[in-house]
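The feature active site, proton donor/acceptor is assigned by TrEMBL to C76, C188. Here TrEMBL flags D13, S14, Y45, G46, N77, T78, T189, H190 as substrate binding site.
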Amino acid sequence: MTQPANHPIGIFDSGVGGLTVTRAVMERLPAERIVYFGDTARVPYGVKSPETVNRYAAEIVRFLLDKEVKLLIVACNTMAAVALPTITALSPVPVLEVIDAGARSALAATGTGRIGIIATPSTVQSGAYKAAIARRGGDASRTISRACPLFVPLAEEGFLDHPATRLIAREYLAPVLAENPDTLILGCTHYPLLRPLLQDEAGPSVTLVDSAAAVAADTQRILAEAGLLADADHLPHHDFYVTDAPDRLRGIGELFLGRPLPDVHLVSLGC
Ligand code: DGL
């Protein structure tokens, strides 16, 4: 029986996008063990109905709770936007999510209050970022939102710097950039995988922000407050679970996390 402090942190997403949050958590908390879940068989979630996303989220949460996680990180804006009540109702352990963290990062970065938000259709439709910005004292009426549904499949394919991605990015970003934002929220955890390309297209006057660093800082604070930080000499062993194509997560993961990922397991959820 391990000490609860040395239990893993559960991080989950519809696919490979949550690796962007995982990297920030690994960098900030190198002694923490991580169990990652990416529902690669059913990605993308951002174009599915709230009912379906809620059902999938519940299945993932139950899977991770079985792994005795001490904290859950919803590393998917879409699940955070439409399924957070379901997730928190199921979880006896603390739950952190990406939307409030992204809103805080944007408010810290903006000078003009003109904030662009790019995200999946479900996240944009939910209005969750506008609500979080307003809750944090920003002016939501000055934000410009744009759904970018094709970015998730492009990132899953590993088309991180591909002419097709650039063409689509130009098309998606044009109406947002026309409103002169000084800050652009990457409101989907897949999008930071495309960050160099997006920065290139947005130009140097726009600051790109995502939730990863802020969520990692929240994780450290919550675990410290609960006395649940892993022992500093703990040598963590990370496990990655996917519902399809483990090699794809391994490939993107090794590239993005800069380390070998020997433990990518294939599992099935639901029917
Ligand atoms: N990474 C998820 C998010 O942050 C992607 C959603 C999807 O699967 O469409 O929203």
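Glycine residues also receive a Cβ, built from the backbone N, Cα and C atoms like all the rest.
This view paints the features noted in TrEMBL onto the structure.
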| residue | record | contacts (Cβ under 8 Å, 6+ apart) |
| --- | --- | --- |
| D13 | substrate binding site | L19, V21, F37, G38, D39, A75, C76, M79, T189, H190 |
| S14 | substrate binding site | G38, D39, T40, R42, V43, P44, Y45, G46, Y56, C76, T78, M79, V152 |
| N77 | substrate binding site | V98, I99, G102, A119, T120, T123, A128, G187, C188, T189, S211 |
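Site extent for substrate: among the recorded binding residues D13, S14, Y45, G46, N77, T78, T189, H190, the largest C-alpha separation is 12 Å. Annotated substrate site D13, S14, Y45, G46, N77, T78, T189, H190; additional same-chain residues within 8 Å of its Cβ mean position, judged by their own Cβ, are G15, G17, G18, V43, P44, C76, M79, T120, T123, V152, C188.
Secondary structure at T78 (substrate binding site), taken from DSSP and collapsed to helix, strand or coil, is helix.
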